[in-house]
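J.: Would you mind keeping the following structure in view while I ask a few things?
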């Protein structure tokens, strides 16, 4: 069995990965879409000044996302990755149309909730799919596309939201626009390859071979199939029970995965995304400019991460990323300190925030979503991913809910110090628990991580 010494060409799997990342673009778009238009939505639907209702418009989406991500594993395993993408596009189209045509708050919330279920289902399936269809040599690079697409979606939403102050009812257009990429995703997925790992697990190995040929090229099919057959001999038909993930032999990987996502959220990144404009406003920078700065920092970080992911490896990026975030938070604590003079503290707080976003995008942002499908054995991959994403959504929800309240109660210094210490804990956690996965096939990673008997 001579192994092809060259790596499979990335060009073959590239289009399939691109289509899959439309779901991440949508995810980013819907995260940012109510950011700018919220005021005019509240005026048009008659709940302006009601902060609870405004909070609900933002967070019903997250509630839906939790439900979507909880079921994502079962859906992806049940109907396959391609169908799962199409299922994720459906509520996004229906929900966005509901929000766009609604006359009252209830319709808005129903629409946001539906969109949320699609948002919860998309990212875990995209992470699975990209990990399973990309050649090992470029898996990290392709995995970073997910983060870049999310960035572009966020920036797109902010960009489309610009005329919202001048044109009455423009926010309805903002929602309508999002149905285009969702429709495109559902349509284009009909022509994409199904994940060979999934087909093989279903016992359809002839089809898996055909898909490998589309994704890797003819000369690599034999080796890829051999790799697969080492592990899942199609005997994985029996279902994965939740209890197995929470306290079985797989507990350790699921724990590492959930903790990575928890640390990612508790580092304060979403607080920064949700409330950046108010920090910039106090520094005298207009909010639209602030959003542009944040977007650029985020995008450039993601692009650098994409270039380095398969060269330096996941672990290095994660370590330096969390370390950089600790430093940025320390800068912001210094800025909040009374001893630093006026203009100095402004530079520090704005600089600290931009540096925070940049270092986040370098590792803490893209790596967990890429690393997790790599370290989960293929039998539990989809379900374990669902559990970890659900942890992510629960924490995300509470951060969004409590951040402003905590800022009032504790003051910026204490809160930022807490964020800094979380980032420092993350550095230690990564150092001790994360394995390097770059360039290894999914099977090699699985062997390396087997519980030592």
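Including glycine, each Cβ sits where the backbone N, Cα and C put it.
Among the features that TrEMBL reports, domain 'Major facilitator superfamily (MFS) profile' is placed at 16-438. Taken from TrEMBL, the feature transmembrane segment applies to 12-32, 52-72, 108-130, 142-164, 170-192, 289-309, 316-340, 346-372, 384-407, 413-430.
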J.: Who are the long-range neighbours of the transmembrane segment (316-340) in its own chain, taking Cβ under 8 Å and residues 6 or more past its ends?
T.: 263, 267-269, 305, 308-309, 346, 348-349, 351-353, 355-356, 358-360, 362-365, 367, 371, 411-413, 416-417, 419-420, 423-424, 426-427, 430-431, 434
J.: Taking residues 6+ outside the transmembrane segment (52-72), which of them lie with a CB under 8 Å of any CB in it?
T.: 30-31, 34, 38, 41-42, 84, 88, 91, 105, 108-109, 112-125, 274, 382, 385-386, 389-390, 392-394, 396-397, 400-401
J.: Counting only pairs at least 6 apart in sequence, do the transmembrane segment (108-130) and the transmembrane segment (413-430) share 3+ Cβ pairs under 8 Å?
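T.: These two segments do not touch.
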J.: State the residues, same chain only, that lie 6 or more residues beyond the ends of the transmembrane segment (142-164) and have a CB under 8 A from a CB inside it; answer 'none' if no residue qualifies.
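T.: Counting only partners 6 or more residues beyond its ends, the transmembrane segment (142-164) has Cβ contacts under 8 Å with 10, 13-14, 17-18, 21-22, 24-33, 35-37, 40, 123, 126-127, 130-131, 134, 170-171, 173-174, 177, 288, 291-292, 295, 298-299, 302-303, 305-306, 309, 361, 365-366, 369-370.
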